[in-house]
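As given in TrEMBL:
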type: DOMAIN; residues: 6-218; note: domain 'Heparan-alpha-glucosaminide N-acetyltransferase catalytic'
type: TRANSMEM; residues: 12-33; note: transmembrane segment
type: TRANSMEM; residues: 45-66; note: transmembrane segment
type: TRANSMEM; residues: 73-89; note: transmembrane segment
type: TRANSMEM; residues: 95-116; note: transmembrane segment
type: TRANSMEM; residues: 123-142; note: transmembrane segment
type: TRANSMEM; residues: 162-183; note: transmembrane segment
type: TRANSMEM; residues: 210-227; note: transmembrane segment
Amino acid sequence: MSNAVRLVELDILRGIAILLMVIFHTIFDLAFFYNWPLNYLEGFWYYQGKAAALLFMLISGISNVLSRRPVRRGLIVFGTGLFITAITYCYNPAVYIRFGILHLLGAAMLATPLLNRGGALPLSLAGTAIIAIGNAFSQLTATTAWLLPFGLRPPEFTSLDYYPLLPWLGIILYGMVLGKLLYPAGQTRWPAAADYRFLRWLSWLGRRSLLIYLIHQPVILALLQIIKP
């Protein structure tokens, strides 16, 4: 969190989310590139990947409430998302990432000065409404890709990563509600967490989550190329 006291428990949770993400993408790579019989589109591995994404969203929402410079953070995260868009387009224009989780998190950070004006109850209601609208939109299609950020997809749209504002912004708003309820003074609720070595390691991962997000796939693919499973 920029220019704010870091809360060790949030870094630990972010570290857990990073581990879950790395595991899921390893499963994806084994199935996609090496034809392992691993189903990442449904069942355990699908929900394991979604758990990582949901955890990132909730933590981001909490952090948005506590951060003193959410717009600056938003520009960095959204800009990184655009970089991922460019890289994946060069890799495969048919499935490149146009509005993935970094775009979602960055957009929510940019909107935080407006969203943070509401209290816990209005944010809860807004989050629920956004999720409901997003679920309704998931049954609709659009004739243009410009509506992808709002959950309206052209027919036969495919992407390696897709988390539109509707419904997923609702989860981030729930995280903001948690931030307001759990951290009214912006102080850690678990100061003793830093006393445990494993938790310190998770916290270390969490503090470097954006960097790890950027490099983990090339590292995984390089290791798999060496191991040749």
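Glycine too: its Cβ is placed from the backbone N, Cα and C atoms.
Long-range contacts of the transmembrane segment (95-116) within the same chain, counting only residues at least 6 positions beyond its ends with a Cβ under 8 Å from a Cβ of the stretch, are 53, 56-57, 60-61, 64-65, 67, 70-71, 73-82, 84-85, 88-89, 123, 145, 148-149, 158-165, 168-169, 172-173, 176, 213. Through the fold, the transmembrane segment (12-33) approaches residues 39-40, 45, 48-49, 51-53, 55-56, 59, 193, 199, 201-207, 209, 212-213, 216-217, 220-221, 224, 229 of its own chain, all at least 6 residues removed from its boundaries and within a Cβ separation under 8 Å. Residues 1-2, 67, 95-98, 100, 102-103, 105-112, 160-161, 210, 213-214 of the same chain lie 6 or more positions beyond the ends of the transmembrane segment (73-89) yet place their CB under 8 Å from a CB of it. Contact between the transmembrane segment (123-142) and the transmembrane segment (162-183) holds: at least three of their C-beta pairs are under 8 Å, each pair 6 or more apart in sequence. Counting same-chain residues at least six beyond the ends of the transmembrane segment (162-183), those with a Cβ under 8 angstroms from any Cβ of the stretch are 7, 53-54, 57-66, 97-101, 103-105, 107-108, 115-116, 119-120, 123-124, 126-135, 137-138, 148-151, 189. Counting only same-chain residues 6+ beyond the ends of the transmembrane segment (210-227), those with a CB under 8 A from a CB of the stretch are 18, 21-22, 25-26, 29-30, 33-34, 76-77, 80, 84, 102. Restricting the average to the domain 'Heparan-alpha-glucosaminide N-acetyltransferase catalytic' (6-218) gives a pLDDT of 96.
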